[in-house]
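Okay, so here's the structure we're looking at.
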Amino acid sequence: MLELLAIPVLSGAAALYVGAKKRNVDEMVIQKVFKNLKVGAVEGKDFVYPKLIAMEKKEYGARYVYRVPLGLPKKVLEPVEEILAATLDRPVEVTFKKWLYIDVFKNDIPEKVLYNDVPNMPGWVVPLGFNEKGWHFHDFDKTPHCVVGGTTRFGKTVFLKMMMTYLIENHADDVEFLIIDMKGGLEFDRYLDLKQVLDVASDPIEAFECLTSIKVLLEQKMAEFKRNGWSNVVNTPIQKRTFIIVDEAAQLVPEKFMEKPMRDLLSYCQSILSEIARIGGALGFRLVFCTQYPTADTLPRQIKQNADLKISFRLPTGYASAVVIDEQGAEELPSDIPGRAIIKTHEKKIVQAPYISDEEMAKRLEVHRIAKVRKPHRKTDKDTICFE
């Protein structure tokens, strides 16, 4: 009997020993990397390396906290994460906020996560993705606008549909959408019958009409806020939020080869989008601005500067990545994992965005479909419009 009782005790001791041994190995490897990379600074006559002051167990692995010598240049720390990840053969995240934090994770980011596994969260939040630390959400009431970039077939449009589904399922009576689907309406026209969808525009002229109606709504909201002495929708009794989704914004860029009326129309569209980005957030409007081809022309400065959340799926070049997230990196995302993305606010994270199929989205949102009178498709071969 005593022998049987001893077995779990010995097993537990062995596990503790293995865990402690692994931590000791990790600590030694980290210290060795510091020395090899000369991560440190001169204090007096000595060259001082970061000193371990704490090791914290986490659900995702372990966190090592180091005190760094004064005057340590930030650029000295830049290669540490990559070298440690390769040396330990595990994901590693290095952050420096007064202390140097080194997180060593047990597992890699999964190659696929499902929408069905996303937890429900209160407030005007949407899931951005899952990584070694768990789920990451974004609160649109804190940061009202975002820009999204990504090459075709790498998850950008699926992300928009996932976000739309989550908002409808959690705010069915308070959310509304105006969607500019510049892929000819192929992705979002099928959702026009949802009660939360006010309009789906699928060509430049429809986009002009849609944005003109938004401008009217914007002016009405502005007048209402002035009458009531309000300055931010989050501090008012208003529950409704209006999301303007632009999918493939490159189609709204005026080009030299276009006739002047069309150039004027597209310029006007961009001016309204910029106005939404500048003043719409406080009034309850949320802009989600997306493009496959990020350039200075397709992502206007006013929109980028007012969209503090930036999301990038895989992009073909470092230049395109820099346009979206202000630095390179999106071109290095894996080419065989759709849905892998960089999310950036005040800090940068890599996540796997939740996947939802068109079939699942349709099934989940079927209850919200209502009978609507659809506007007739235009039958004209002239891209002209009159400005009054």
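Just so you know, glycine gets a Cβ as well, placed from its N, Cα and C.
If you look up TrEMBL, you'll see 132-322 marked as domain 'FtsK'. TrEMBL lists Gly150, Thr151, Thr152, Arg153, Phe154, Gly155, Lys156, Thr157 with the feature ATP binding site.
Taking the features listed in TrEMBL, we show where each one sits on the structure.
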residue : record           : Cβ contacts under 8 Å, 6 or more apart
Gly150  : ATP binding site : Lys156, Cys290, Gln292, Ile311, Ser312, Phe313, Arg314, Leu315, Ala330, Ala341
Thr151  : ATP binding site : Gln292, Phe313, Arg314, Leu315, Pro316
Thr152  : ATP binding site : Gln292
Arg153  : ATP binding site : Pro338
Phe154  : ATP binding site : Phe313, Arg314, Leu333, Pro338, Gly339, Arg340
Gly155  : ATP binding site : Phe313, Pro338, Gly339, Arg340, Ala341, Ala353, Tyr355
Thr157  : ATP binding site : Glu187, Asp247, Cys290
Cβ-centroid neighbours of ATP site Gly150, Thr151, Thr152, Arg153, Phe154, Gly155, Lys156, Thr157, 8 Å, sequence order: Val158, Gln292, Phe313, Arg314, Pro338
Three-class DSSP secondary structure - Phe154 (ATP binding site): coil
Packing count at Lys156 (ATP binding site) (other Cβ atoms within 10 Å of its Cβ): 25
Average pLDDT across the domain 'FtsK' (132-322), rounded to a whole number: 96
